[in-house]
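K.L.:
Annotation comment: Swiss-Prot describes Gly156, Ile157, Thr158, Ser159, Ser160, Gly161, Lys162, Thr163 as ATP binding site, evidence class sequence analysis. Taken from Swiss-Prot, the feature compositional bias 'Low complexity' applies to 47-105, 533-565. What Swiss-Prot lists as compositional bias 'Polar residues' is 511-520. According to Swiss-Prot, the domain 'Kinesin motor' annotation covers 4-405. Feature annotation from Swiss-Prot assigns region 'Disordered' to 36-105, 495-568.
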Amino acid sequence: MNENISVSVRARPFNEKEVKDKEHCLWQFGNNNTITSLPPPITQPVSSLPPISTPIKSSSSSSTSTSAGSLKTPLKTPLKTPLKTPLKTNSTTTNTTVPASPAPTSSLTSKFVSNSYTYDHLFPPTCDNYEVYDTVARELVKSAMEGYNASIMAYGITSSGKTFTMTGSGKKNPGIIPLSIQDIFTYIQECKEREFLLRVSYLEIYNETVNDLLGVNQENFNLKIHEHPVTGVYVAGLKEEIVLSVEHVLSLISAGEAHRHVGSTSYNLQSSRSHTIFKMIIESKEVLPEGSGSGGLESPVRYSTLNLIDLAGSEKASESTISAIRNKEGSYINKSLLTLGTVISKLSEKDTGYIPYRDSKLTRVLQNSLSGNSRVAIICTITLASNNFEESHNTLKFASRAKKISNNAKVNEILDDKALLKQYRNEIAELKSKLSDALSTEKELQETLTEKEKMKITNQELLHKLVDAEKHRSLLESKINNLNKLILVSTSVNNSASKGGSGSGNGNGSRSTFVSPSQNSHHHHGDLGSITPNSFSNLLLQSPSQNNNNNSHISPLSQSTSSLTIGGGSGNGFESNELIQIQSKMAKLELELEEKNKKIDFLTSFNQDSALEKIKQLEGELVQRDMDLGLYQRESTRLQTLLSHKDEKISSLESKLRDILLKFKQIDSENTSLKSKIQEYEVMY
C-alpha cells in the first residue's frame with residue numbers, strides 16, 4: 001500500500017516548574033486536527049505606568065510619540081492575561097487603572113504572525129496512553145501481524161513525554177510498547193489458521209555507538225551496521241531472543257532498560273541519554289490440516305518487523321548540562337536529530353539526490369523504515385509552555401515535513417528456507433525422521449539379537465548332531481573292525497577244519513582229538529544238550545563199530561573214562577562219585593563246544609563275498625556319514641562365521657544406537673523444552 005507517514009502531535013500538561021513560573025500557553029488546539037500559535041503576552045514599560053491614584057488623561061499625538069520615545073526597560077515579569085483575550089487599549093477612554101500603550105501594542109500586533117499546522121491526529125494534555133495507542137498504533141500493530149513492516153516513533157524535545165508515551169508508567173497506564181505486545185499475543189490467540197514465531201531485539205544508540213541492551217558481554221557493545229542487498233540495513237551481532245508470552249517480553253524489556261543510559265539534567269531527573277529501538281520480528285505460516293501433502297512446509301512464510309522507537313530529546317546545551325558528560329551526550333543527541341531532520345526534509349521534497357543516511361547511526365538504522373517497505377507513524381511530543389515555544393515550534397515543523405513522506409508498504413513473504421519458522425519446521429521434520437530411524441534401528445537391533453539367540457540355539461543343536469555323528473562314526477568303525485576280525489577268525493577256522501577232515505590227524509592236537517568225538521557222535525546221538533550222565537556213560541562204554549573205524553582218534557580221556565567206568569561196575573561209592581563229577585564237567589565242555597560249533601557253522605556259511613559286500617556297504621555308509629559330518633562341519637563353520645559377522649554388526653549397531661540414543665536424548669531434551677514453552681504459551685493464551 002502506498003501511503004504517507006502518519007503524524008500525530010501530543011501535548012503534555014504543564015509540569016511543576018512551569019506552573020510555579022506561571023508560564024503561558026502559546027498553542028491552541030482547533031478543529032480538524034489543527035494547532036495554532038498564539039501571540040506572546042504584552043509587556044508594559046515601567047516609565048509609562050503612572051501612579052494608580054492619578055487618572056490618565058487622553059494623550060495627543062505628540063504626547064504619544066514622547067511616551068513611545070521614553071521606553072527603556074520592559075518589566076521582568078510580564079502581565080498575565082487570558083489566553084484568548086489579549087489586552088486592548090482605548091485612547092478615547094479616561095480614568096482607567098490600566099495604562100494605555102498604543103505604541104507597544106501596535107508594534108507587537110504588527111510583528112506577530114500566527115502559525116497553523118494540521119496533522120493526522122492531535123492529542124491534548126487530557127488524553128491518556130490508551131487513546132493514543134488506539135488511534136495511532138493499533139492499526140500498525142495489526143498490519144505487522146499481517147506481514148507489513150511497521151515503525152512507531154516518538155520524537156520531541158527533552159522532557160516532553162516521549163518515554164512516557166512509549167513505555168508508560170506501570171500497569172495502570174501502560175505505553176505503546178506494552179500495549180502492542182499485549183495486542184500481538186491476543187492476535188495470535190485469535191488467529192487459529194496460522195502459526196507464529198516471535199523474536200525480539202533491543203538496542204540503543206549512545207554517543208553514536210550501537211549497543212545491545214539484551215547482551216551483557218563486551219562484544220555486545222559498539223556493534224557494526226551492515227547492509228544486505230535483499231533485507232536491507234541490519235546490525236551485525238545483535239541478539240535476538242525467541243519469546244513465548246507477554247511476561248517473557250516484558251521481562252526482557254525490563255532487563256534492557258536496566259542497561260540503558262539515563263541521566264539527570266536541569267529539565268528531567270531521569271532523562272534518556274540514548275535512542276532506543278525495540279524490534280519484534282514476526283514470522284507466520286498457514287497451518288494446513290494433517291495429511292495434506294508435506295504438512296504445509298511449502299506454504300509461504302510471512303516475515304515482518306515492528307520497530308518501536310524512543311528517541312532522546314533535543315536540548316539546549318547552555319541550559320541542560322550540569323557536567324561535561326551531559327554536554328557531550330547532548331551534542332551527540334542533537335547531531336543525530338539534526339541528521340534525522342535533514343533526511344526527513346529531503347525525503348519530503350521528493351529529492352532524488354543524495355540523502356545523508358550514513359551521517360548518523362540513527363538514520364542509518366532507520367533507513368529501511370523511512371524510505372522503504374514500511375508503514376510509519378510518528379508521534380511528536382511538545383509542551384505548550386511559553387518557555388519552550390521555539391523548541392515546540394521546531395518539532396511541529398519537523399512533523400509537517402515528515403507528513404509529506406510517502407512509503408510503499410507491501411506484504412513480505414518468503415518462499416525458500418531462509419525463514420526461521422520454516423527452518424524450525426524442517427528441523428522438526430528431520431528430527432522426527434531421525435527418531436523414526438532410531439526406532440527402526442532399535443527394532444532391527446532387537447531382531448538381530450533375537451536372531452543371534454536363535455543362531456546360538458541352532459549352533460548348539462548342530463554341535464549335538466556333530467557329536468552324535470562322531471559317536472555313530474566311531475560305532476561304525478568299531479563294527480567294521482569287529483567284522484574284519486571275525487572274517488580273519490572264520491578263515492583260520494575253515495583252514496583248521498579242512499585239515500581235520502582230510503584224515504591226517506595227529507596225536508599232537510588236543511583240540512582235534514576233542515572235537516572228533518563230538519562230530520562223530522553228533523550224527524547218532526542228537527543234540528548234546530539232551531545228553532544225561534547215564535547216556536553219556538553208555539556212549540563211552542560202547543565199542544567202536546565198523547562205521548566209525550576211521551575215527552580211531554578217540555581221545556585218551558574217553559578211553560580212560562571208559563576203563564574207569566568199566567571198572568566201576570563193581571567198585572565202591574567213592575569211585576562212583578568221582579565218575580559223576582567227571583561226567584558233569586564233560587557235559588559242560590560239550591555245551592561250550594556246541595556253542596563254538598554253532599559260531600563256526602555261521603562263519604562257515606558266511607562267505608567272503610557277502611562279507612566284502614557288507615563291508616563295502618558299511619564303508620559307503622561311513623563315507624556318507626563322513627560327507628554328512630563334513631557338511632555339518634562346513635555348516636557349523638559358516639554359522640560360526642555368520643555369527644561372528646552378526647556379533648560385529650551387533651557391536652556396530654549397538655555403538656550407533658548409543659550415539660543415536662545420545663542424540664535422541666539431546667533432541668528429546670530440546671523438544672521437551674520447546675513443548676514446555678509451547679504449553680506455557682497455550683496456558684497463557
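Every residue gets a Cβ built from N, Cα and C, even glycine.
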K.L.:
Please work out which residue of Gly156, Gly161 has the most C-beta neighbours within 10 angstroms of its C-beta, and give that one of the binding-site residues.
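P.N.:
Top count of Cβ atoms within 10 Å goes to Gly156.
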K.L.:
Helix, strand or coil for Ser160 (ATP binding site)? Use DSSP.
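P.N.:
In the DSSP reduction, Ser160 (ATP binding site) maps to coil.
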K.L.:
Across all the protein chains here, work out how many other Cβ atoms are within 10 Å of the Cβ of Thr163 (ATP binding site).
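P.N.:
Counting Cβ neighbours of Thr163 (ATP binding site) within 10 Å gives 25.
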K.L.:
Take the Cβ of Thr158 (ATP binding site) and count every other Cβ within 10 Å, whichever protein chain it belongs to.
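P.N.:
A 10 Å sphere around the Cβ of Thr158 (ATP binding site) contains 24 other Cβ atoms.
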K.L.:
Excluding near sequence neighbours, so keeping only residues 6 or more apart in the same chain, what lies with its CB under 8 A of Lys162 (ATP binding site)?
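P.N.:
For Lys162 (ATP binding site), the qualifying residues are Ala154, Tyr155, Gly156, Ser272, Asp310, Leu311, Gly313, Ile379, Thr381.
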K.L.:
Taking the Cβ of Ser159 (ATP binding site) as the centre, how many other Cβ atoms fall within a 10 Å radius?
P.N.:
24
K.L.:
If you count Cβ atoms within 10 Å of the Cβ of Ile157 (ATP binding site), leaving out that atom itself, what do you get?
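P.N.:
Its Cβ shell of radius 10 Å holds 23 other Cβ atoms.
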K.L.:
With every protein chain in view, what's the tally of Cβ atoms within 10 Å of the Cβ of Ser160 (ATP binding site), excluding that atom itself?
P.N.:
26
